[in-house]
Ligand SMILES: *Cc1c(COP(=O)(O)O)cnc(C)c1O
């Protein structure tokens, strides 16, 4: 009988392999940075979300060490029992003040991961079966799962389609309405039309939950993210920022009206029923915020923007598609799973690490290379990537002709 159980699993794995959908992990032997040792080989990486290059920044690393000296390694319990430490409290105050220009009566709440923060927001705001969640078609998996877990109904609106969303809001007689969207779409790099979405939410009395995983620290003159980029301010906004990407450490936060945050503390199960993140992480994040808010953060954002423009200027592709993106996420859509995997493995042979993203993360037939740029890259490194991709695409075109 046990044999049958395992044979069933192995059939599922064989099916994935036959569709070129098996994923494999590579093991990094050095800190997150453009130049890494991976499985023992030197590589130039274009795959992390460490957009400002803070994950291995000496000041952040020193703060993590200091945090461990001050507070130990673990928190010992959930926040509501005894795991809520001084560092967590300080971090929440800093984050609330940072996002305060865009919210009304702002308060912030720190979570272990962005995945959990998204589950928390949607299950707490959408706890009523008579509520409705309006979810953007290309939302991140954690928002999709949060909507599934909520008691509220769910309706999906097409990508960036403000008119379709308005029609859905007009037709709905839900008691509470929650519109939820990524700000920067994680596999495409384009932006949600947040000003138009917020105008709708204010008109129809809906919450606008903005998942700014790829905007926090990067967008806006001060790095406050998508709300600063679009110059928005509203009591309807519920902001989710992640802290393992541009902030370089780990965890996430919600910033919103103080009452929304109080509801999370009282009701959100992904907040209540889990051990608080190690306080040293919160202490390290205070150092990340110092950098993000200061001159160094501004200089790193300016350099990143130069690299984005450089890649745009130097890539000359005919066979593969490049959806319009002005962010650090620069997809190159190849189409088939096999070709995407083949290109990624050829790049890998040249010492370039660019992940091939396949279904179900993206729609079938849109397998892609997901290039991410970060402030720790040099202009020469970006030029090398572009030249390699140009030459390689040219070769494939010629052999296809
Ligand atoms: C990475 C990501 C998350 C999850 O954040 P983690 O802190 O990694 O769990 C949520 N939403 C989006 C859009 C993301 O890209």
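Yeah, the Cβs are placed from backbone N, Cα and C, and that goes for glycine too.
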Quiz prompt | One of 155, 242 listed by TrEMBL as binding pyridoxal 5'-phosphate at the site of 114, 115, 186, 214 | solution = 242
Quiz item: Where TrEMBL shows 140, 361 binding substrate, which of 11, 23 is named for the same site?
Solution: 23
Self-check item: Which of 23, 140, 214, the listed binding-site residues, has fewest other Cβ atoms within 10 Å
Solution: 23
Self-check item: recorded positions clustered about residue 214 (pyridoxal 5'-phosphate binding site) [Cα within 10 Å; pool: 23, 140, 245, 361]
Solution: 245
Self-check item: Residues that sit under 8 angstroms from residue 361 (substrate binding site) by C-beta distance, when 6+ apart in the chain
Solution: 141, 187
Exercise. Go through 114, 186, 242, 245, the listed recorded positions, and name the one with the sparsest Cβ surroundings, counting other Cβ atoms within 10 Å.
Key: 186
Quiz prompt | Residue pair residue 140 (substrate binding site), residue 115 (pyridoxal 5'-phosphate binding site) - Cα distance, angstrom, rounded | solution = 9
Quiz prompt | For residue 115 (pyridoxal 5'-phosphate binding site), nearby residues of its own chain (Cβ under 8 Å, 6 or more apart in sequence) | solution = 142, 145
